[in-house]
Each structure stands twice: as C-alpha cells, then as structure tokens.
Amino acid sequence: MNNTIHRALDRLYLACIWLAGSCIFLMSLFIPWGIFARYVLGTGSQWPEPVSILLMVVFTFFGAAVAYRAGAHIAVAMLTDRLPERAQHVLRGVVHGLMLCISAFMVFYGTSLCMGTWGQTIPDLPWMPVGAAYLPVPLGGFITLLFVLEHVVFGSQAHRPVVLFDALPDHTTATPDSKDA
Amino acid sequence: QNMVLKAHDTHPAGYPTVVAVENMGKKLDAATNGRIKVQMFPGAVLGQEKEAVEQAQLGAIQLARISLGVIGPVVPEVDVFNMPFVFRDIAHMRKVIDGQVGTDLLDKVSASQARLVALGWMDGGARSLYTKKPVRTPADLKGVKVRMMGNPLFVDTMNAMGGNGISMAYGEVFSALQTGVIDGAENNPPSMFTSNHFTTGAKYYTQTNHLIIPEILVMSKVTWDKLSAQDKALVKRVAREAQMDQRALWDKSVEEYTGKLKAAGVEFIQIDTKPFFDATAPVRTKYGAKFGELMQRIAAVQ
Amino acid sequence: MMEAAVLLGSFLLLILIGMPVAYALGVSALIGAWWIDIPLDAVMIAISSGVNKFSLLAIPFFVLAGAIMAEGGMARRLVAFANVLVGFIRGGLSLVNILASTFFGAISGSSMADTASVGSVLIPEMSKKGYPRDFATAVTVAGSVQAILIPPSHNAVIYSLAAGGTVSIAALFMAGVLPGLLMGLTLAVLCLITAKRRGFPKGEVIPMRQALRICADALWGLMTMVIILGGILSGVFTATESASVAVLWAFFVTMFIYRDYQWREIPKLVHRTVKTLAIVMILIGFAASFGYIMTLMQIPLKITTFLTTLSDNRYVILGMINLLLLVLGTLMDMAPLILILTPILLPVVKLIGVDPVHFGMIMMVNLGIGLITPPVGGVLFVGSAVGKLPIEQVVKALTPFFFALLLVLVAVTYIPALSLWLPGLVLGS
Ligand code: NA
Ligand code: NA
C-alpha cells in the first residue's frame, strides 16, 4: 500500500519535472522565434511574448512542488539547529501544518479566482480565459499539498532514487543551506 | 459606516487622472464629514491594470482608473474606441463620451458580467507617433519599427499606416528605443516625457492623433452594493465632476509637457492626417464591422 | 503600526522556526491580508502576477545558459585559459582561480555554480601544488562573488523587477562591469601579497601553440558575453531576448563545438535546472504577494519617512543601509532580500539623490558578501563541501578576503562613477 502511494507520487513528481522542463524548452524557442519574426519576416510576432510568460507561470508552480519534494527550498536553520531535539520536532510539526495550510489556501482561493475570472479573456491572447492562466496556482498548490502530506506521514522523500536521479557524481550539487521542511 | 476607498492608478503621482481622483476623494470626505475617504495608490504599486480590474472585482480595492483594453474582453462594445481615427479630434471624442453614447457604454459596463460599476470617463488624450527620423507621410514610415500596445488591432493599424508595428511590454520600450531595437513608439506628450522616451533619440513627434482612446473610472461592485442610495448618488455626482476636473488638468498637462519636450529638443510636426486616415480604412473595416451602428452614432455627433 | 507588526512579525517568526522562506512570505501575506480585510483571492492574484512579467523571462534563460555552459565543460576550459594568462606568476594558481571566476561571471550569474565548478577543478589542483587547502577554498569562495556583478546577472534582473521595472536591465548590466573588475583586481592583489609572504609556487609558462589552442577553445564560450552585451547594446535584441539567444548559443557550443557532454546527461541537467529555478521563481511570486500587502499597509512609505528623519546626510544614510544589508545578508539569501528590501529602500535613497542603478550595485555587493558569510551563506556552504573542509576553517581562511570585499563595498558605495560611468558612456544620459 505504502509502496503504491510512493510509486504514484514518483510518477507525479516526474510528470511535473517533464512539464516544467518542457516549459523552459519551449520558452527557449519561442522568444528567439520572436526575434526571427521581427528581422526576417519584417513584422513582429505578437504571441511569443505572452505565451512564454504563461509557460513561465506553469513552470513556477509545478516546479515549486517538485522542489518541495526534493527538499530544495531555501530555509533558515540557524535557530532550529541550536534547539533540543524535542523542540525541533515540535517546530517541524508546526512548519508542516503551515505548509499544509498554504497549499490548501492555494487550492481553495486559487480555484475561486479561476472560476471568478473564467469569463474574461487576456487582452494579448483573446482565445485564453484569464481563469485558465491562474490554473497553475491551484494545481501546483494541490500537488504540493500531496507532497506535504506524504512528507508528514512518511518523512522526507528527498532521498528517493527518482529525486536523486539528477545528482552529479560528486558533491557539487549540494545546497546545504536549503533545509528540509 | 466609515469607509476608505482604495484607489488604483498605473499613472504616477501628480498625473491628471491621479489628481482628479484625489480631488474626488477630498469632496467625498467633505460631503460626508470624513465618513468616506479615498486612499490613492498611484504608479501601479498594486499591479498592472489587468490585476487592478481583478482586485476591484473581488473588492480588494474600490476604485480603479483603467484603460478600455482590459474591459474590452468583457464588454466588446467599448472596443469601438480602439479603432484608428474613430474620432475626428479630441473635441469630438469629448462630445461623444459626455453625450448619450458615453452614458450608454458606461451603463453597459455596469450591467455586464464585469462586476464593476463604471463611474465616468477620463481623458487619455490622443496618441501620436514619435520616431528617430521625421515622419510626414505614410511613405516616411516604410521599414520603421514602431512599438504598439499588445493587441493585433494596434499592430495592424501601424502596418496600415506604413510602418512595422511591434508589440512589446511598455517597460521594455525605453531600453528598446535607447538601443535601437525599435525606431519609435506612440503616445501622448505627458507619457512620452514621464517615461523618458524623449532622451532616446526619438525626437520627432508627428501629430497623427491616430488613436484617441478615453479611459474609464470604475468602482468595485462589491463596494457599490454596500453604499446607501444617498451615497451612491453622491459618488456618481463627484465622479462626473472628476471627469470634467480631469479634463482641465489634462489640457494643462499636455500644454506643460509639450513645452518641456520642445525645450528638450523634440520637434513637433503638424501634418495632414488624411493620408493616414485613408490608409487605415481597411483596419476599420476588418475590426469595426461588428460596431457598424455604434460607429455611425459616433460619426453623427457634431 | 499594529498592521506592520502583524505582517513583519509573522514573517520573522515563520523564518525562525524553519519555514521555507518563499512559503513564509506567502503565509504572512495571507495573515496580513486577513488582518486588513483584503479578500484572500487577491493574494493569489499577486502571487501569480508576481511571476507573470516579461522581464522575468531573462532569469530562467540566464540560469539555464549558465548551467549548460558550466556543466558542459566550459568551466574547465576557462580555468585552462586563465592559467595561460596568469599561471606563471608567483601564486599563479590563486590568480588563475580569481580570473577563472571573472570569466565564469561573464557566462553565468550564479556564485554557487561558480564555486562548485571552478572549485572542483582548482581546489584539488591547488592543494596538489602546495597551497593550503583552506586558502584554496577561500580564494574560490571569495572570487565567485564577481559572478553577481559581471553581466549577465539574474540578480540584477530581480532588482530591476523589484524596482518596479523603472531601472533598465541593460544599464544594470553595464554598471556591474567596473565594480566586478575592481573586485577581481582587489582580490588578485590580496592573493599576490599572500603568495609573496607565504612563498606560494609559480606555475609554468604554457608553450605558444598549446596556449593558442586553449584560448581558441575558451573563446567559444566567452562569445556568450559578447552576444549578450553586443546584442543588447547594438539594439539587435532586448535584454530578455539576449538571454534566450544565450541559451541557444550555450547549447550549440556545448553539443556541437565542445562535444564532450553526452546527450543522455541532458535530462539530468534539465531536472537540476527545474529545481534551482523553481526555488527562485516561487520566491519571486510569494515575495510579490508580501510586497502587495506591505504596499496596502503603506509600510515602505512609513519606513522612508522614519529613515529620513534620522538623518538627511546621504553618506550617513548610505552607511546605515550598508550596515543593514550586511547584517541581513549574513542571515538570509540574496534573492528574497532584494525582493523584500528594494521597494522599501529605493524610495529612501532616491530622496537623497542616489541613482537607482548605483543603488542596485551597492545592493549586489552587500548581498554578494552575504553569500559567503556565516551563519547562512549558500556559497560558503558549497565551498566547504567542494573543499571538503569544515565551515569554521573556511571562514577563518576567508577573513582577509572579507576585508578586501568590504573595501570594494566602500568604493562602490561612495564612488558613484564606478557604477554609472560605463552605462552613461554606452547608453547615454
Ligand atoms: Na555574471
Ligand atoms: Na550570509
């Protein structure tokens, strides 16, 4: 059972990485296309800019969920490291609770924002509802919520093979200032 | 009950629209013995116009001075003002927004799904061309890259006028002009001055007046519904006064900044706009078909 | 007053109990919004629109280009190139280290990546040649601060954004060149003096043919900076566009010119970049919501008024701000500090007549120093990991370098021309 959960979340994790990675990949092609259109085709292309910005938003919220599971977010461990283990344990619990709260808020208020703005469209991209552009907030929040729950129940997953897949052969990717939350 | 109306404007402090809404706040304050006040947040500190509209819809802010560009997706009729040369001149535009057409459009916005109450119009002046080499005719614009607002209609307008319309975020325009990514842009004299664009070598201001797009002052529907009938009437009245107040401030500001630009070496070029009007006829046909009746009503205003 | 205490107090508390900084900003923004009765959906608008900005696109591009270059064998070639130029002097390898970081700074804006890649080549090499390992690590760590100043610098982009887009990225890039070079020079002088005092070895002169080959190899990568700066300054493209071209170029050079990076490594590189970047981007988003609530509470205005009642002497105020930035820099990371402090401090310094571009450089140097100071210093930590030394030992060896960097800070703060002369020259006005 536990294994099934981890495996499912591993797949979700990979899906987020691929989604975020594809966003960067496409952005890196769209913006140069805009330059090409300006010089070679003589007239500016209007869509690369707003579309790339949307991809960046998608990247941010799905990437942030990935970074959470990998324990990569920047945190300050100065005070907590000096406390006795018991107190550290309590504070970790508080932080987990707050992480659950903010993810839940992103899901709830993000959804309400999407619904409230679904009837409007983005001036630059007339086919795109504003609400759709806000979708990454509740979706990214929901995935973060799942990863936080997993962390609370099973402990940090930052050492799973799928998370460590990108580790360099040596220590150079270490980001020791980022504390597991 | 006591309320503080948070007002949003992307224009900086001291700009006519900002001052007019601040004055409106003073009148509200005086008329209600301090029960209703306005707190102004100028200079886009709370976000760009798209976010301002969304915040007003939620009731996070109460007043916002916004361009029609962000209302158009909800109330398509207001887009009629985006048509190039839809007004003969500024006086014509003012007659239209002061009259029945203006009132009808405000009511349309208030009655729409936008969750906003349109209180009044604000004058955005006329947008004209500024470029690095002088422009007098459509032929002079050949190969000239001009930044336009991000809407296919405006890009097409510039292409029809003879140049190359380039859409670009406003924040990028200064360095793009400076480095030569673009050869010109278009705006009114106060904006050209306050955005520092005149220091980039774009020192020929050709008075094409190709776009005359009024702006709009809206209130959050959430807030509006909390007002008593008496307060609603008061707000409507001071907003109408703000519309006239802003107009006087605007004219003074255009005069002042035109002087400043001239002193800084900008050459103002008066032209016959007829060739540009004719050149943009296909744009009006393409985008204006759905506004046929409205455009006739506007043209009929003398 | 109470409002400010709720917002800032809850943020500080959350940070201290170990909440990730980005989410701490978000939670305190929500608390603040609830306190002043702002609908919480509006906080979501602020978070999302915080990362919904064109100029921000430069950040993913510069980070990705830097990662491709650094991992794709560029770092090794830059070290070899620096070795040709200064390796033969006494203390040569320490100079090579500084100069390699100068070059690295020209392709990347990340001090952490600089320390990791230059350090993993040079620290073992230096200790093999008889340099104390702690000195080698300290040189690497201190030298890497240059990457933030020398263009491209995504921290400069973040500053431009935090300044409300009123400061041109092109101007900030040009402004960083001289302070960056001054920093390299100051550190090099310190290395020369130390080498003489402690009798560090000289390297060998590289034979001409070999030297030329090394230079040609390195130039492919250094072309990145030429493309970026040349492209921006000549008006071929904007700063943001230049960043996207840098990605294509970095990819082209790595995969088709150098060809020692394997295609199957690319997914890993993307995976790493997603994580590094997402941390920065979500931080920007949540910081935007925090800034939104701060603005609604008019906190920046109140702090400006307060600071200007303390003194109206610009040197005094700048001194106070430097002190504040240094202290906060020891405790927190660079990007969140830029995002939180710029809207507060920029109005103050503008009032006393400091150019925003100049102030950006002051901020970069201050917070750059913060990256290598305990107790919280990302680059310091990476340095001690790469150097395989305890942090305390690296900090001890770093002491003279801190003084050198403070000297640079004083120069950058009180000689505006250092930052403003070059942008004025190339961009005009
Ligand atoms: Na750099
Ligand atoms: Na530090």
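FYI, residue positions are counted from 1 along the chain as it appears here.
Using N, Cα and C of the backbone, Cβ positions are placed for all residues, glycine too.
Here TrEMBL flags A:28-153 as domain 'Tripartite ATP-independent periplasmic transporters DctQ component'.
The transmembrane segment annotation in TrEMBL covers A:12-33 (among others).
Per TrEMBL, the feature transmembrane segment maps to A:53-78 (among others).
Annotation source TrEMBL lists transmembrane segment at A:90-111 (among others).
Annotation comment: TrEMBL describes A:131-149 (among others) as transmembrane segment. Using a Cβ-Cβ cut-off under 8 Å and counting only residues 6 or more beyond its ends in the same chain, the transmembrane segment (A:131-149) has close neighbours at 9, 12-13, 16, 54, 57-58, 60-62, 64-65, 68-69, 96, 99-100, 102-108, 110-111, 113-120, 122, 157.
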Intrachain residues whose Cβ lies under 8 Å of the transmembrane segment (A:12-33), provided they are six or more past its termini: 45, 48-49, 51-52, 55-56, 58-59, 62-63, 65-66, 69, 143, 146-147, 162-163
The domain 'Tripartite ATP-independent periplasmic transporters DctQ component' (A:28-153), counted residue by residue under DSSP: helix, strand, coil: 93 helix, 7 strand, 26 coil
Segment confidence, the domain 'Tripartite ATP-independent periplasmic transporters DctQ component' (A:28-153), expressed as mean pLDDT: 90
